[in-house]
Amino acid sequence: MEKLDIISFDHISADPTFSKNPFVHSIHISRLRRIQLYLFAVFVFPLRLFFVLLFFFLTLLVGEIATRGVDYSKPFCHLRQRFLLPIFIFCGRALFFSGGFIWIGQYGRRASCFEAPILVLAPHSSFYDALVFLALGMPSVVGKVETAASPIGSFIKMTQPILVNREDPTSRQNTLAEIKRRTQSVPEWPQILIFPEGTCTNRSCLINYKQGAFTVGCPVQPVILRWGYGIDSITWTWDGPGVLELLFLTALQPYTTLEIEFLPVYTPNEAEKDDPQLYAKNVRAVMAKAANLPTTELSFDDCHRIRKAVQFNIPMACHINEYGRLTKYLFREPRPEGHFSSANVSHVSDRILSMANAAREWYSALNCEPLKPSKLAQIFLYPSGEISSDVLVTQVAVLKKVVDTLPKSPNGQPDIRILVVHLSFLMFSSSPSVAMQLAFQAFEEIPTEESINGNSGDDATETFTSRVISPADAVRILTAAYHISPGDAAALLPSSTVMGTGDSETITPTYLAQALSKHHPKLVASYEDYKSELNRLRGQPDRCFSEVSSSSNSICSLYSLENNEEISTVQLGRKRDASNASSTDSFEEKNPLENDLRKRQMDEEANLPKSEECLHRCETFASITNTNNALAMMFLQNRDWDLQLALSDYYGNVDLTQGNESGQQGQLSGATGSFIDLTSDNEDVVMVSSQDEETEKKFATTDHQHAHLFRLLSWNIDGLSRPSRAFRTPEEVVPETLASIKEKLGDLYEVFYPSYHIDYFTIICVLRHPGLSTVSDSFKVTELKSVMGRQLLNLDVEIDVPKLLPTNPCSSCWNGHPAIRVRIFTSHLESCFDFADIRKEQLSQTWNAMQTALRANSSSSSNSSGTPVCAIFCGDLNVRDKEIKDLGGLPSGMVDVWEVCGARPEARFTWDRSRNPNLSLDNQEQVNTNRFRGHRFDRMMLLGRGRGLRPIDFELRGLERVPLRSHFPSDHWAILGHFDLEAPSSLSY
């Protein structure tokens, strides 16, 4: 890429296509044209509608007849090719003719299948482009399986399409292989027609081409489309008229024409064959020149970003992609997307403050110094004034493009202070009060009595929050940062009474942020909502360095964010239930049977002890039986919280006290013993019930030797209840409820989820803690072989023991040793008994991934923190014991956490309808089937070599019913594994 010095910057001009959004379209109709439309609506439209419907159904009928029983892996037979296909084309052409598409012109020479197996068409602007297929004799197209299976799928199937199955992880490879096979099998197959833009535009420019048509490396023939019309009712973009409006307006026009121009065949050279991106770019340049259209770097993904920005009312929505590129140049400290430390936050805020100061000084000298590209580079790219010769032309060009879109200052130049405002709110989207403080720095401060007397405060936080500007500048900030009118912005300004200073001409950022939050809360949340939605689409962690959530109004508080909560890693998932996606059933809409069940349940709960008494009985049961609260809750809950009955049944059940190799549970003979309460929220505390002081010291010492502060929870938070879906759906990991999960967990956990998923998926949540950090770029999503769209997620987590346990004597042995790196795997494997073979393949694939992750570490003599020392796989695996035996058992070095922690029977079944009636409440025919053998579908497996984690306890969670409901939160129990942090030594099992 060419590099220029500072002198060359002043010759850079803005790209004329920059302000032309290719995804926006509006229709302008003159008064004379409106009269013509009214006349056609009365006299012509009814006749056209009749013939359109007639030929539509005829075309559909011929298509159904011609495609019935077709094998799409083979070309059409002679009967279909020579007889039925021409009839279909005739009916389809008559359909368009009835709608006003009178004339189709073709220019240039169309290449044969031998010369160019692929036709690439642009610009793609409408669903009306389907007329091209009829004009060219129905060439093949790449389409979705769902479209071909729709009621009008015969229109697609008549093209002998290459069908893409989005649920098949190998679909992309299969599609490319099929394209290559067909290009090598001419003339058996028709030419393949592809719109490389991938989406509809307004034909103002050519956007980035997708590489699918160019990956094969065969010659292509570029084809240019030109539409003729009185009113542009052809263009169909995401921001413009809808389908029905376009259909109606097209039918009211006298005629619409289409021109198809065939360009010479483009044969790629060796470099282009090796680089599909280069091939696509060069073909686009040829087509842009022939169509007399500019090109833009916008793509289909950029369309989504713009659309989301408009949806969330971001003021700079039309230029949001350029802002995204600009931030990469302005904040150039190396950083992986989505994972940032407090140092990065400091870097960004310092850069914004530097830009704000430079922009404010430039504005003060506005009449003296014109705003040239060289000055822009000094203000934004190199605030120190030392401009490197390494500055790229594109950096300054993008900066100038963005600046040219800003509102004008009094001397007619762009007001670059507004750019500082935009950057402040974009980079600190989750902290609008901090963004407001940064934005204030770009505007001239108004002297106040405190500042004149020198009492404005020496602390940096107080300096930022006490800065005051004029009301006119405050209105500029509000109208630049949000979609708010100047009048509404002025209404937020404080009066002299509100300020309490007697001066109504000044305003502080703290008051303005609070007033905006009070009167326009949706506007305040718009930036954060936009960033969250983008992260969801990208499948990246919800929180990046610019999105620091802090309730404080202080910038300085951003640099000291710490969380001293326990270390945990949580995996959530759910099973498929098509009825869960978008329900709006009310809480009260119940069937009579469930009403009766719920009434009985509520009557029973009304006679139960209070919650404090229930917890006390759980602790008493756990203390007497030397077990834990999970088991206590199970026995008490199923016996109406009768402590005596629960204890009697516990000691009378021989199965619960046999085969306990770990010695973690058993009967007490005589006095109450000592125990560690692993269900306590504060696991640094050793809970003892013995009055023996020496015993208390003994167990306290044991606790320090094994600091079991790493806990991992896996839960299929399924919601199968249709009647109670409105209440329980927020607990499911589906696109509609992911925002709720992030809202509830976002302040405490980093949330990782796949960018592509079906209507249900798994996520990983990692607690934010100084002793726990996620490894940059380690989050990976692997498509498993599946008919249900299942994926394997993995993430590396590093445990810094000294930071995790600063007060624990055990942490001293870790000084000088690297952090423990653990690779977390999770998945929701194939459901149902009939898919056992696929499930075993998925399990084997996961085991191989775990072994591969540790292979580098096992072959290394030094236990560096660069590779994982152990791996954990957990989730709703749907696996049976027999299936693991079929695979030859667990791999060498791998253990089942439940088994090594004693294989306690009460913690065995995670899907147990004898204890969990959720399915019975939702299905009337299954209400009486209350005794059902459970399954251990949810499992946790550990593979570790060298130092790392040692499992010490395994329990179930989610055993409490939803208050005032007959349901449990899920039909699965959660599994919770407790792990010791092993000192630097080898593990053996």
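Placed from the backbone N, Cα and C atoms, the Cβ positions cover glycine too.
Those TrEMBL annotations? Automatic predictions, nothing curated.
According to TrEMBL, the protein has these features:
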- 37-63: transmembrane segment (TRANSMEM)
- 83-104: transmembrane segment (TRANSMEM)
- 118-228: domain 'Phospholipid/glycerol acyltransferase' (DOMAIN)
- 570-597: region 'Disordered' (REGION)
- 587-597: compositional bias 'Basic and acidic residues' (COMPBIAS)
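Distant neighbours of the transmembrane segment (37-63): 29, 84, 87-88, 91-92, 94-95, 98-100, 152, 154-155, 157-158, 249, 251-254; these residues of the same chain sit at least 6 beyond its ends, with a Cβ under 8 Å from one of its Cβ atoms. The residues of the domain 'Phospholipid/glycerol acyltransferase' (118-228), classed with DSSP into helix (H, G, I), strand (E, B) and coil, number 35 helix, 25 strand, 51 coil. Cβ atoms under 8 Å from those of the transmembrane segment (83-104) belong to residues 48, 51-52, 54-56, 58-59, 62-63, 65-66, 76, 128, 131, 134-135, 137-138, 155, 158, 247, 250-251, 253-260 of the same chain, restricted to positions at least 6 beyond its ends. Mean pLDDT for the domain 'Phospholipid/glycerol acyltransferase' (118-228) in the predicted structure: 86.
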